[in-house]
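J.: Before we start, here is the structure in question, set down as structure tokens.
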Amino acid sequence: SLPKQKAQRYEAVKWVMVFAIGVCTGLVGLFVDFFVRLFTQLKFRVVQSSVEECTEKGCLALSLLELLGFNLTFVFLASLLVLIQPVAAGSGIPEIKCYLNGVKVPGVVRLRTVVCKAMGVLFSVAGGLFVGKEGPMIHSGAVVGAGLPQFQSISLRKIQFNFPYFRSDRDKRDFVSAGAAAGVAAAFGAPIGGTLFSLEEGSSFWNQGLTWKVLFCSMAATFTLNFFRSGIQFGSWGSFQLPGLLNFGEFKCSESDKKCHLWTAVDLGFFILMGIVGGLLGATFNCLNKRLAKYRMRNVHPKPKLVRVLESLLVSLTTTVVVFVASMVLGECRQMSSTSHSGNDTLSLQGMLEDVNSSIKTFFCPNETYNDMATLFFNPQESAILQLFHQDGTFSPVTLSLFFLLYFLLSCWTYGISVPSGLFVPSLLCGAAFGRLVANLLKSYIGLDHIYSGTFALIGAAAFLGGVVRMTISLTVILIESTNEITYGLPIMITLMVAKWTGDFFNKGIYDIHVNLRGVPLLEWETEVEMDKLRASDIMEPNLTYVYPHTRIQSLVSILRTTVHHAFPVVTENRGNEREFMKGNQLISNNIKFKKSSILTRAGEQRKRSQSMKSYPSSELRNMCDEHIATEEPPEKEDLLQQMLERRYTPYPNLYPDQSPSEEWTMEERFRPLTFHGLILRSQLVTLLVRGVCYSESQSSASQPRLSHAEMSEDYPRYPDIHDLDLTLLNPRMIVDVTPYMNPSPFAVSPNTHVSQVFNLFRTMGLRHLPVVNAVGEIVGIITRHNLTHEFLQARLRQHYQTI
């Protein structure tokens with residue numbers, strides 16, 4: 001009901017906030033990247049010089065202790081941050097997916113969460129764990145999106161701004177969608193992929209206007225990060241050369257190799273097979289990780305919090321020892337590539353090639369050779385990915401197999417411990433090793449000299465990542481944008497589709513598995529076909545807790561303190577002797593008057609239209625109105641509503657609206673007919689009680705104070721808890737008129753509505769409650785998210801078959 005000018009200002013402020021969210025998300029990414037790079041370079045510089053010295057002196061154990069000292073310290077700090085805010089553990093994508101699906105996960109979008117997440121992930125990545133910083137970037141962006149437009153935080157209570165905009169769950173959810181997309185865009189330099197990720201994986205409730213805002217937010221995040229990273233690393237401010245935290249570099253065949261092509265039609269067959277294998281590997285990864293997660297839930301989480309820290313340190317210790325020993329013992333010395341590149345390469349390509357060449361490790365190898373295992377293990381994960389994508393030198397098949405196996409097992413063990421951790425980069429690195437292994441085998445044993453190893457590494461990375469997370473549209477676009485090579489669109493898309501279909505045959509994606517393990521009632525995109533055997537009446541909850549249009553304070557407090565429902569139907573009872581009740585009690589009289597005034601009849605509607613038509617100049621219309629009014633019954637007589645009421649159940653003796661049900665009542669008395677008028681939220685009832693909005697029985701309901709919308713939403717999003725309120729100053733016999741504050745026209749369905757229609761309405765409109773109203777306007781039940789979960793529908797379907 002905003003005026004046009006205010007509505008335009010509201011929209012303009014929304015665009016400004018979306019831009020600010022993108023910029024802030026980019027700055028969070030810059031902070032994480034800068035310190036990860038700083039700590040990692042410090043660690044590897046110290047340890048590498050130690051290894052080179054100890055190679056001659058024979059004190060490699062000292063080098064291992066130095067590496068352990070760095071890694072254990074960083075991981076310990078990351079675990080401590082998770083102890084401060086437990087929801088900061090993991091990637092955060094399952095939690096954000098739940099939030100955007102309509103489930104409020106406690107603490108998931110708090111300021112403390114983003115601080116612990118951003119600082120924790122830089123310590124866990126710098127600590128050498130097989131985790132990425134891209135997943136936590138998505139969570140961080142979502143928290144920025146939730147918090148920035150509110151201009152308040154529970155962690156900074158003293159800082160208050162009078163910012164009256166965006167005080168609703170829908171607005172907040174839209175900003176969280178934009179923030180999550182900005183996180184993807186900052187992580188991969190993929191603004192379009194970020195928008196599609198938010199649409200595919202995240203947001204359940206989407207509208208056309210949101211698409212443009214989310215893309216704008218993603219662009220702002222990408223170019224903010226790009227601007228600062230390019231300036232800091234290359235000193236060329238404004239050149240925009242590093243689009244994301246993870247940059248795949250430019251895929252380009254060597255000019256000296258005339259047979260080389262990025263990919264050919266023949267390679268598509270191999271890509272499909274790689275997609276199948278990637279799906280199988282992803283399903284195996286998810287199965288193992290699910291078993292580990294269940295074990296942790298049973299044996300680690302119930303114990304003191306220190307046990308979680310010790311588990312993280314154990315994983316770090318094992319990972320560090322494996323990396324060190326594998327690099328020193330299992331590697332092979334391979335010949336360095338002498339391929340020269342043309343001098344007119346772009347600055348970013350030259351920087352990428354220098355990065356690839358500078359990250360080569362020569363541990364225990366003679367001149368002009370390098371240690372292939374150390375090159376993969378003794379580098380940051382992004383450098384190892386670039387090695388597999390762009391290193392012209394060969395990696396031994398044995399080295400690649402061992403690297404893949406060790407990385408697969410350790411990253412599976414690591415995902416789920418109490419540190420902030422992403423899964424994108426470990427999955428990409430694991431898959432890239434698998435793809436490079438396939439390319440080596442095809443070149444060595446089948447003699448396919450035309451294939452480009454980097455392409456197979458990229459397709460392997462896509463296949464494994466797709467098999468683990470089961471994303472299709474957004475992941476395709478993210479990988480295309482990251483490679484900056486549109487010709488890879490078809491092979492990436494085919495590989496991801498095949499990997500998803502193969503993996504779905506065995507289990508769900510990793511994020512869905514973790515959502516299910518937490519017991520969150522997540523709504524899928526659609527129900528199964530067989531669920532249409534059920535109707536709304538089969539799944540609704542008929543045992544209602546309701547309030548009346550005019551209710552005593554003692555009744556409201558009792559209802560709020562004895563239930564945990566988020567909303568309550570506002571109803572009136574259907575009685576045959578209403579006039580007698582109206583004489584005896586002011587409260588009942590007000591309720592019955594409200595019902596009579598709010599029920600729309602055809603005769604009443606025609607009367608209203610006839611009166612409005614009298615103002616028309618046409619004499620014919622005026623005559624028709626006069627004739628119609630003359631034939632109407634006088635309003636004093638018993639109307640159609642009263643006739644309908646008399647045909648219903650017999651009146652209930654001595655029943656007052658604030659009486660509790662008696663055990664002696666029959667089923668008809670306990671579940672008596674109730675005319676439905678609207679829904680009122682728990683938060684609204686609590687606000688009315690806190691502000692003393694009520695009137696006494698001796699007064700008219702018009703004397704009750706009126707609250708504006710701004711006053712009703714002032715405490716959003718943390719409304720007071722009914723158990724914490726001191727209501728001693730309120731007279732329990734006072735009456736609250738809830739009708740000005742209820743939603744008089746919520747979405748409702750008939751008892752005969754198919755479950756698929758109920759599900760689509762519930763999900764697409766972002767509902768939390770769906771009343772079931774019969775043909776004569778009586779509420780017969782209510783449907784909540786719990787009634788639409790897969791497990792609940794399956795149980796109801798089994799009951800349905802048994803009754804048949």
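The backbone N, Cα and C atoms fix where each Cβ goes, glycine too.
Pulled these features from TrEMBL for this protein:
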- 742-803: domain 'CBS' (DOMAIN)
- 12-36: transmembrane segment (TRANSMEM)
- 72-93: transmembrane segment (TRANSMEM)
- 114-131: transmembrane segment (TRANSMEM)
- 175-198: transmembrane segment (TRANSMEM)
- 262-286: transmembrane segment (TRANSMEM)
- 306-330: transmembrane segment (TRANSMEM)
- 398-417: transmembrane segment (TRANSMEM)
- 454-480: transmembrane segment (TRANSMEM)
J.: So, does the transmembrane segment (454-480) come close enough to the transmembrane segment (114-131) to give 3+ Cβ pairs below 8 Å, pairs being at least 6 apart in sequence?
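T.: Contact between the transmembrane segment (114-131) and the transmembrane segment (454-480): absent.
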J.: With the transmembrane segment (262-286) as the reference, find which of 12-36, 72-93, 175-198, 306-330, 398-417 contributes the most Cβ pairs under 8 Å.
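T.: Answer is 398-417, with the largest number of Cβ pairs below 8 Å.
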J.: Using a cut-off of under 8 Å between C-beta atoms, tell me which stretch among 12-36, 72-93, 175-198 contacts the transmembrane segment (398-417) the most.
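T.: Looking at each of 12-36, 72-93, 175-198 in turn, the most contacts to the transmembrane segment (398-417) are made by 72-93.
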J.: Work out, from DSSP, the number of helix, strand and coil residues along the domain 'CBS' (742-803).
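T.: Helix/strand/coil tally for the domain 'CBS' (742-803): 28 helix, 15 strand, 19 coil.
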J.: Across the domain 'CBS' (742-803), what does the mean pLDDT come to, as a whole number?
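T.: So the average pLDDT across the domain 'CBS' (742-803) works out to 87.
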